[in-house]
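Database features, via Swiss-Prot:
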COMPBIAS  704-717  compositional bias 'Polar residues'
DOMAIN    4-64  domain 'L27'
DOMAIN    223-310  domain 'PDZ 1'
DOMAIN    318-405  domain 'PDZ 2'
DOMAIN    466-547  domain 'PDZ 3'
DOMAIN    581-651  domain 'SH3'
DOMAIN    737-912  domain 'Guanylate kinase-like'
REGION    692-719  region 'Disordered'
Amino acid sequence: MPVRKQDTQRALTLLEEYRCKLHQTEDKQLRKSIERVIGIFQSNLFQALIDIQEFYEVTLLDNPKSSDNAKPTEPVQTINTWEYSSLPNSTATCETLPSSLILNVEKYRYPDDDITSQEPSSPHMLNDGRNVELVQISEKNISQKENIQGLVSHSLISPLKTPEADTPCPPIVPVIPVIPVPAESNVIPSSTPQANPPPVIVNTDLETPAYVNGTDAEYEYEEITLERGTSGLGFSIAGGTDNPHIGDDISIFITKIISGGAAAQDGRLRVNDCILRVNEVDVHDVTHSKAVEALKEAGSIVRLYVRRRKPVTEKIMDIKLVKGPKGLGFSIAGGVGNQHIPGDNSIYVTKIIEGGAAHKDGRLQIGDKLLAVNTVCLEEVSHEDAVTALKNTSDFVNLKVAKPTTMYMNDNYAPPDITNSYSQQVDNHISPSGFIGHPLPPSPGRYSPAPKGMLEDDDLTREPRKVVLQRGTTGLGFNIVGGEDGEGIFISFILAGGPADLSGELQKGDRIMSVNGVDLKSATHEQAAAALKNAGQTVTIVAQYRPEEYSRFEAKIHDLREQMMNSSISSGSGSLRTSQKRSLYVRALFDYDKTKDSGLPSQGLNFKFGDILHVVNASDDEWWQARQVTADGESEEIGVIPSKRRVEKKERARLKTVKFNSKARGDKGQSFNDKRKKNLFSRKFPFYKNKDQSEMETSDVDQHVTSNASDSESSYRGQEEYVLSYEPVNQQEVNYSRPVIILGPTKDRVNDDLISEFPEKFGSCVPHTTRPKRDYEIDGRDYHFVTSREQMEKDIQDHRFIEAGQYNSHLYGTSVQSVKEVAERGKHCILDVSGNAIKRLQIAQLYPIAIFIKPKSVENIIEMSKRVTEEQGRKTYERAMKLEQEFTEHFTAIVQGDTLEEIYNQIKQIIEEQSSTFIWVPAKEKL
C-alpha cells in the first residue's frame, strides 16, 4: 500500500514512545539506533521522499492522460518546482526513481553488472542486495560524457548509452535512499538494507574503482559545519598525495585539535578524522598544500565531510587478582589530561610484568581498558586517581575490564601497538608501595594481529636460531647486557629503524650464543662487545630466546642500581649535594624521552625544552631525582633524569665520533651548511656549540647597518666548547608586562597579527635616531629625535640601548627606557630585534618572552610563504638553523608547525602561560 505522511507521523510517534521505555543499560545500543531512525524520519530529505512517493502514486499513476506522447502539465510543473527549489546538495538515484520520471534520463550501471537496462514501463527495483547508490549530479542537464562526480558507497558508476542519448534530458528529481523499516511499512519494495550509505568520492572518468582503505562497515561519516573564529578553524592537518601521514594512505588527517578553537568548541571533530571534502572541494586525493589551500579559501562558514573508523567493539570481563610479592604486576597509562590514545581518556594496561599476579592469572592483557577497580569507577578519571585506586586495594582485587574484540590485520588505522609505542605519557607500574617500577626501553612497535603482550611463550621458539644482519650506519642496532659471573650476553634494547629492528628476527631477552662462529656462551661483556664490533659488514648471530634468565638478570641489575642510588643519597657523594642545595630549580635546554634512555636506574621523567624542573636530589653524579613545575604548581610525580655531568659526557663522546668522521672526509672547502651539520644537532639531544665559531658567524643586522653586537657579548662568550643541558633558575616577581621577541621565519606576520588582534595587550616602542625630523613626523610618536650624535653614542656604550646600528650615516636604536615605558603601561612590547637583544634585556632586568619559530624543512618554509623561491627558502632555513645554534639557551620556547595558523596559536598560548606575576629567571649561580 502507498505510504502517506500520516503513516510516517504515526510511526514516528510509536518509535518515540518505545524509546522512552528503554531505561536499562543493556538497551543503550538499541536506544541509539532508534534515535538515529527518528532523526532520519524528521529530516527534510525524508519528508521530500514522502512527497515524491505521494506524487508518484497520486499524480502520475492515477492520471489517465499520462502517456509517452502526451505528458500532463501538472507533473512537469511539479518537477520544475523541485528542480529550482532550495534543497541543499540535491541528490538522486536512478534506482529509486519511478520509471516515468527517468524515461529520457541517462541511465547508470555498475561496470560489472550483466543485467540489461530496465524497460521504461517498469519501475527499477534493487533485488541484488546492493547498497543504495547516492549520486550527486554536477549539472542540472546532463549530456553524454559530461563530467559527473558522485558519492557512492562501494563502486564506480559509468554512463550507459541509450537510444535517446541525443534527446534533451529532463531534470533529475532529488530523493534519498530509504532506511530499513518493518516489512509491513514497505516504503519502497526491495530497497536495500542500508540507509544513507557512507559515501566516498569517485569520478566516472576513472577506469578503475577509487582506492578505499577499508570497508564501509568499518567507518562512520559525518558532516561538520564550523564557523571560522579569530584564531581560525582550530585544528591541524597532515597527509596528502605528496606526504602520506599513515603508511601509504594519502588521505588528509586531523592531527591536532587546538584548545579554545572553533573545532574544539564545536566538539565533533576528532584527531585522526579523515577529511574527504571542504565545502564543495574534493580533498580525498590531493597534495597537502591543496588541502591547506582549500581550508584557507573556504570562507567564514566551513563545511567538512569527514570519515572516521568506528569504535572497536569491546567485551566486558570481571577479573579477580590476588596480590603477590610484585603487587598486581601490570602497568597503566592514560587518564584525563594524560591521554594514552588521542581523544580517549580511558585507563589502559600497557605492560604485564612477568611473574606478577596479572601474568600468572593470564586473563589481563596489554591493550585492555580498566573500567573499575573494586567499587571505584575508573572512567573519566585522572591518571593519578587511577593509580591511587589501584594502590589502595587489599590483597584481593576485583577488576572490571573492557577487552577489544576486533583485531586489526595489517591496518594502518589500527590503534597504536601500545606494547611498544614510544609514548611520553606517564606509565605507572602497579607494584607494592616503595618499589619504583623500572620501565625497560621498548622494542620498536609494529601493528600485528594481536598485541605482543597477548603472545604466549609457546608462540616464540626457544631453540637456537641463526640471524644474519648487515651492519648499517647505526651499527647493528641493539644493546647488550650481561657477561658477569658466566650469566650470558643478552639483548636489552633494539634501536627503532636499525638493522636488528628491520630484520624482525631479534628481540629483547634473546641470549647471544655466538657471533660469526665466535662462542659467547661464557664471554665477558668486553669480549662480546669486541666480537660484535670486529664482526665486519655481514654479521651472523646465533641467538636463543631465554626470557626467564633475562628477567632474573634484569631484577639483579635493578636491585644493584637501587642500592647504588640509596648509598649515594646517604653518603652525599656527587657533584651537587642536597645538603648543600636543598632546593635546586633548573630549566631544561633539551628534550628528554625516558623510553629512549636504556640506562635508567628507575622510573624516568620526560621533559621538553623550556620545562622547569625541581631537582629534589642531586647527590648522584649520573642521575638526579626531579619533578616538573607547571603553572598550577609542582607535580607529585618524581622521576629520574640524567645529571648535567651525564648529559655532557654522553654528548661529548658522540661529538668525538662526529669530529673523527669529519676529519676523515676533509675540512677543505666546507660550506656553512657543512659546518652547521657538524656543530648543530637536534633538540632531541642537547646542543653542542662552538662559541668561537658562533661569534664569528653571528650577523642578524642588515649589511648596511653596523651593529654593536659584540660590545656586551665578551663577558659571556668564551672560546670553550660546551653542551647545553640545564640552566639554574630562580623564581622572581615582576610588576610589568614582559617584552616579546619572536625570531625565525614568519616572525613579522606573527608580530603584526598579535598587535592587530590584541591591541590592548600588545604594543610597540618608539625608536631613537640622530637623523633630522621630517615635516610630517612627530617627535615621540614616530621617533625620538636625538640632536646630539655624541650623546647617543655614549648611551650605546653605557648599554642603555638593547640594539643599535647605523644607516646612511645616521644612528638608529631601541632604548631600554622605551621598552620600559610600554611594559609599565601593562602591554607586551613587541620587539623586532636580533637575538643579541635578549641578553641585554635580561641585564636590564626586563626579562623577555623569547620564542623561536623553528622551520621543519625548506619545503615547510616554501609552503607557508608561497612567494619564496626554493633558493630563498633554503637560505631562510639556514639562517634559522644558525639562529637556533647561536641563541638556544636564551629562548623561552621553541615552536614548530605545519601552518602559520598552528604556529600563531602556539605562540599565543606560550605568551599567556608566561604572563604570570611570578616568572623563572636565570640564576647567578652556576651548576
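Even glycines carry a Cβ here, placed using N, Cα and C.
What you are looking at is a predicted structure, and each value in this text was computed from that prediction instead of being measured.
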| request: Return yes if the domain 'Guanylate kinase-like' (737-912) and the domain 'PDZ 1' (223-310) have at least 3 CB pairs under 8 Å (sequence gap of 6 or more), otherwise no. | output: yes
| Reported mean pLDDT - the domain 'Guanylate kinase-like' (737-912) | 90
| Counts by DSSP class (helix H/G/I, strand E/B, coil) across the domain 'SH3' (581-651) | 11 helix, 28 strand, 32 coil
| field | Summary of DSSP states over the domain 'PDZ 2' (318-405), given as helix, strand and coil counts | value | 14 helix, 38 strand, 36 coil
| query | What are the helix, strand and coil residue counts for the domain 'PDZ 1' (223-310) according to DSSP? | reply | 14 helix, 36 strand, 38 coil
